[in-house]
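Student: Below are the structure tokens for one structure; questions will follow.
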């Protein structure tokens, strides 16, 4: 993987070079043109005349931002178990781990604005975008569907009746295809000389984002959730049944929300994530916010499967990606560094203020539900971080301190598969002498 503008490699976007001071994004393809890759579509165009290297640079800040997000993902996955402060919030609230998914979605949105600056053939671009989204969804299904077991289990494979259907890459695929189609088909041709002109040019995309947000809020706050029950396997017996009493409308608690109900109805409870984050909540765990034995008076929903990347919550993920798309438009249409940064800072601070206001008035930031306040807070934080990285790396040219992050960003999917999805530890644990505990990691002193 290399030269990508998103989590997934794309040969089409690999050659994008920016004239960072003049605001031009040119597609420069290697010999043979831009073929179909596994990421963002951008039809081949003739290479422009060569220009001085000082005038045309790669947008390194996006790679660095992606690399930081990958590192953050690895950190919270490995250290979150014994550092609850950085682990995912059990329900309401915002922690360090809760920024990872929105950051990836924001980055994909920025990348799409660069990859689709010019779309000579909309139908061909649409075909490529759909194909790449399907590839990404299928990769996620294999990696997170349950085919690869834990590092201490030497078996593999998954019962198709229990495969997890949603996951991180699946959510990114959904947000990617919707945002890509918006950029291909709903981009105006108005001239852009000011921030207002930019809003006018992309008004249909903003309208789609608003409709998505309103629709989500309508489902979350207006859907009636009936009583329901589930069964799980417990040690010492085959199955145990639990009854969850709801009969409410608009509840945003762990057991009776519309997000979980829609996933159970459409996907099936057997296809949801089996280790729900709310199992670490005060109502459920004696050791909250860490995992622990259930409290004697724990609610019946504490062990119920719940997918943090479910269908309805993935609808709101589209909004984050669309916001990132608008930040990418600033790069394409505005020339000066300071002009770009100001047009990022103002909406970023505005979204943060609005997010904390909504949280104060009861619309809490919640990652499992992907609430509006959560989407605005994380998008605002992503905008501020991206502006800071852009100023450091692309504006002032301090690339050496971020070289490692840049490398991680250009190899994001490989790192995600090998480390974040435990493929490398599983592979290493698979080589042992006589007994599984005598594996290569134990031999070098890491331990089994």
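For all residues, glycine too, the Cβ spot is worked out from N, Cα and C.
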Student: Match it up for me: which of 269-293, 369-393 does TrEMBL list as transmembrane segment?
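Tutor: Residues 369-393 are the ones TrEMBL records as transmembrane segment.
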Student: In terms of Cβ proximity under 8 Å, which residues at least six beyond the ends of the transmembrane segment (206-225) contact it?
Tutor: 182, 186, 199, 246-252, 256-259, 261-262, 312, 315-316, 318-319, 322-323, 326, 369-372, 375
Student: Looking at the stretches 64-87, 129-148, 168-186, 311-332, 413-433, which one shares the most CB pairs under 8 Å with the transmembrane segment (369-393)?
Tutor: 311-332
